[in-house]
Amino acid sequence: ICRYLSGLVFFTGVNFVLTLVAAVLCVCFAPTAAGPGIPEIKAYLNGVDTPDMFGATTLLVKIVGSIGAVSAGLDLGKEGPLVHIGSCIASLLGQGGPDNYRLKWRWLRYFNNDRDRRDIITAGCSSGVCAAFRSPVGGVLFALEEVATWWRSALLWRTFFSTAVVVVVLRAFIEICNSGKCGLFGTGGLIIFDVSDVKVSYQAMDIIPVIIIGIIGGLLGSLYNHLLHKILRLYNLINQKGKLHKLLLALSVSLFTSVCQYCLPFLAQCKACDPSFPEVCPTNDRSGNFKQFNCPDGYYNDLATLLLTTNDDAVRNIFSSNTPSEFQYTSILIFFTLYCILGLFTFGIAVPSGLFLPIILMGSGYGRLLSMLLGSYTNLDQGLYAVLGAASLMAGSMRMTVSVCVIFLELTNNLLLLPITMIVLLIAKTVGDSFNPSIYEIILELKGLPFLDANPEPWMRNLTVGELANAKSPAVTLSGVEKVSRIVDVLKNTTHNAFPIVDQDVLVPGTVVTGATELHGLILRAHLVQALKKKWFLAEKRRTEDWEVQEKFNWVELSERELKIEQVAVTHDEMEMYMDLHPLTNTTPYTVVESMSVAKAMVLFRQVGLRHMLIVPKYQGAGVSLRLPTL
């Protein structure tokens, strides 16, 4: 008994320290590194920037914290953090490094715009999925299906090229590890999924259990989303109390997980080792299956084989084919129940975590459990049931279909899996959609991140943009030749990213009509700040010539976005001078008539990838003011 108690203390203590390191890093140095990071990436690619989401500190904390959290045996995966890590690396490469030590190489300036930065982060996201699952096509499809809002044909081959590079490098490291040169990592190589030995063989009558798996996966996935939503709301209340509460929550979950993983195998019965097993049985080393644990020589503990190992090895074990008697019914039931509980309470603590692996473990558990219940009524292998169960739960919770299908095909290297996987995914997604949104949409809502959905709400068809604009304060406009004091006041007292340029008493070209109001265009906040910094001031109110502008500005300076109005000093005398904003104005902004429906304007706004859209009045004349609200 003392030996087992000392083992429990050592096992729990090591996991406690590893969790403490990961939690302290996230809580004290980079709070944005906690969680998977995929919802924030999805929001960024939709047009909402989260501060410090892709910084160098976030990247380092994400890497070290993810290693600590996964090593601590918590029910979380490295797949979500890898997606965030790939996006951080892509962002830092695109901007030439962190903000304080940024490289000024000329070719890096081509990425210093919103569209190219968005594209390179999308490529980094797909590379992270490829690194996690060794699935290059699945990585591209994941970015297309789940995170990217705007997609271009050029982006398709760019993301595919980045995933191709990842898979080549990954394959090289796998070969090195397979040759025994990875030291303590063993010949198993990198900690990565490898379930290519799953055997696929089915008949027409097997479509019935496949449909059942899909329905159960959709129901369990929607139930998991509902319960996780409630628990995350509770965690938000706890985390708002301060850093100490965040640490205590993470450490409490670590202690509970370690005690369960160590004590529950005592409930399982020992099984005799079969001489036909391809691996050594029993084992007690760092790697290897068929853990002896508390069993006598020649016997192994099947529940310890699933719990006292890496999460990836647990997936490999439960996905294994031709092993109908390797695991007991009670052991799989305990495994499934435990990981359902851990999957709900682990996600949301202040450590880097992913949702892929907990959902795969839960799904594979119930899939194998279902195959045991059906027994002789089905011809499908238990390992195949586990694969289909994992796929169905991912579709039921995350609502992904195409990318999950391709990822599982690339993991198993078996095209025979395609038809039944497609059926399972479509059924699970359809069932899940009838209850609640996907888990990432729920997390976006809890984090308060606005997200512009692809489909307009029904009420948007009955409301015009003009009516919507009436409920908001009018847009802040500037004149083409504006006083410096007015510009400084607007920049300091508003947070708008752009301002309409409106000129009064303009002569209409080709006519003799005067007194017209002209919408000259839209000027960015960054360009106004840059003009103030360059002292683009005029002593009198006049339009400038082209040569004056070309002498003062170049395209590199106008592409800068980091300068703030607080960093620019303007004297009292300069406040009384003027600035000609016409040369710095975008004269062709996207505009819509105020009678357009909100639904149509939203589709245009989202599909074109706009940041600003001007609403112009349908009628303009004497007594009718020009209203220019900006969406």
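Positions of Cβ are set from backbone N, Cα and C atoms, glycine also.
Record features (TrEMBL):
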TRANSMEM  7-33  transmembrane segment
TRANSMEM  155-174  transmembrane segment
TRANSMEM  207-227  transmembrane segment
TRANSMEM  332-362  transmembrane segment
TRANSMEM  415-432  transmembrane segment
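Non-local neighbours of the transmembrane segment (155-174) in the same chain are 119, 122-124, 126-127, 129-131, 134, 136-137, 139-140, 143-144, 148, 189-190, 192; each lies 6+ residues outside the stretch with a CB under 8 Å from one of its CB atoms. Remark: the transmembrane segment (332-362) makes no contact with the transmembrane segment (415-432), by the rule of 3 or more CB pairs under 8 A.
Outside the transmembrane segment (415-432) by six or more residues, the chain places 198, 200-202, 206-207, 210-211, 213-215, 217-219, 221-222, 225, 384, 387-388, 391-393, 395-397, 399-401, 404-405, 408-409, 438 with a CB less than 8 A from a CB of the stretch.
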